[in-house]
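This report refers to the structure that appears directly beneath it.
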């Protein structure tokens, strides 16, 4: 409830303030008064409010450095001849004890007069007694205070309230601060976590505006950077033990090894006690500026829970003369005796003789002249100097604004009417440098430039903790250069020199891709090996890339390698055997040709049409040799040659066999009385028939080569992991026409030979031709399905095998029996023997 509620007493015509007046803990007279609201105390004794009694008075102790820093700046300005000459600044400083309600009460006391009764003519309104207020230390109290004083445009300059929400000038038009907004800190923490490769973290926050807003921004940025938050829990210093125990249980059950603590130092104190009781060591802590450089927290951490912590702090600062001023607290004895006695008793753990507080047994008596030089605590070590420097800069910002408003040069216009709104506008526009050389200015949201120091808690040999700067974060730089770490060695949790690992799933190596686990965050995934023909050449790839059609994935699936080109070569076993068979057939044919030439005048050679026999042997030689064109890397000429040569030589071969078959039939018919068959099928007709049959095939081949010739082709469809180099047919009709024409002649020859099979045995070679044609047809009938179904180079091997089989079939069936007679049975190589006893005479 408001302490400034007033009632109108009609008969006296005055305004009466209800409740007790609120008096400052520290005050200093001056021409212009500045307000200060700081948390001197941490907690207070209170009872459950029944609204039947006044709240109990404060009974607590924390520290006075903030107030001393403000007094130091005011004294320095008053002693300066350059800034506000002839004008003295005064102050009224209140203690909010970290309470929102008390902070609002103090702000109302500052902007109102302390008189308890006002004349009615004053209309209960007067100008504010202060022109600006310095404070508070926490975000939530600042939000409340800024909301109350905002309509009066009285500047509120905080040194330690970092909530991003306070940058909203619609809600908090008169709020400014000398510490960066959490808008930058939260993002900096997320980038720091990402820098060390931690993608699986826990999060603990203070359950107030500072923690909730800061953690929300951190989680949002973390998600953008691919970081997953396993759990996010809130804690407040007044939480019951059961709730804090729940947080401890969450930490114990988690798998993440990194904890981001967006906590105020007050809440960290409470949490650290519980963490120590459960001995929760081994976790890597990442801290916000509110607790990461608090030396009293480091002193409390006797179980080394927080060793190796990293976090963001306000850059180290030094203000000449401030430390000596703050440690000279004896000056408080004259201006605020009560405050001095309370501080002195807390610093030296003693009690003054007339102290009203309870004295414990064996507690020594304070003299008031103890030496601070031997005391080591937060008050004397000045670890909070960066925050004190922020208060110093805030006071100077108001002074510079007043300097402009009062048109100060050598003197100031003391008669000028001061208006908080005008002062606020000037503060927003000021830009100056402190005596230490630091530039001070505010952006459109009332925030200073964001710069942080990255510090690391490193244990020392004597058991203490040293806050070691290991890097910088500057939000004014481009995104890729904002975070920089020095080469200084960092110490991690449990005094380890190895960066801790905190991931839900290990990184997927090259050759695999990430597959999210159902119902889990995006950081939890399985690594699946890339399929054949696909690769991933980076870690944590979300997909595999298919290789180009002429490339294939290697065994590790992390690179595309050129597919092996496969063709029937001379070097491999199959190619070598087929080549040997081809050359063997050629040699055998040459031997037979030599034998026939050597014995060309013998009856068995002459009786079987020696001219056609030599032509057949020649064509067989070509058949054996043309199979060699199918072996080796296909080229343009070899593709055209292999099929056309094969087609023409085989037709020449079959034509000769057909001619020999017809000669046998004609010779038999010529022995019949009155037959003139041989007259119509003499040597000239035999040559012409062979030529005519062959020219038809030549014509078909020329037509094929003209319309759509065979060409070398890279077959990548039949086999995924290799390229089959083969000869595409070009026109399938051309190929099957060539093959069909050979088959037609072979069938015709087979029929004629079959008809001539019953001629006199000793004369007739028709049965050998029948066998050879039977073999020929059988080979080529089985060739077709074998050729179509054989993969890759095996189809070429099947075609070569068919050619060689046909050639050997003709050679063996037609010529080997004759060679047997010529060489081994010369007695049967006579005209009489060839005609046979029952055969006709010639």
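Yeah, the Cβs are placed from backbone N, Cα and C, and that goes for glycine too.
Just so you know, TrEMBL annotations are computer predictions that nobody has curated.
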With TrEMBL as the source, identify the stretch among 688-707, 708-727 annotated transmembrane segment. 688-707
TrEMBL tags one of 545-566, 611-632 as transmembrane segment - which one? 611-632
Near the transmembrane segment (735-756) in space but 6 or more residues beyond its ends, with Cβ under 8 Å, are 643-644, 646-647, 650-651, 654-655, 657-658, 661-662, 664-665, 668, 693, 696-697, 700-701, 704, 710, 729, 764, 766-767, 769-770, 773-774, 776-777, 780
Quick one: mean pLDDT on the domain 'G-protein coupled receptors family 3 profile' (574-838)? 80
Lying 6 or more residues past either end of the transmembrane segment (800-823) yet within Cβ distance under 8 Å of it, the residues of that chain are 568, 578, 581-582, 585, 588-589, 592, 595-596, 599, 602, 604-605, 608, 613, 616-617, 620, 623-624, 626-627, 630-631, 646, 650, 653, 657, 660, 765, 768-769, 771-772, 775-776, 779-780, 783, 787, 829
Intrachain neighbours beyond the transmembrane segment (611-632), with Cβ under 8 angstroms and 6 or more residues off its ends: 567-570, 575, 578-579, 582-583, 585-586, 589-590, 592-593, 596-597, 605, 638, 641-642, 645-646, 649-650, 652-653, 656-657, 659-660, 663, 683, 686-687, 690, 796, 799-800, 803-804, 806-807, 810-811, 814-815
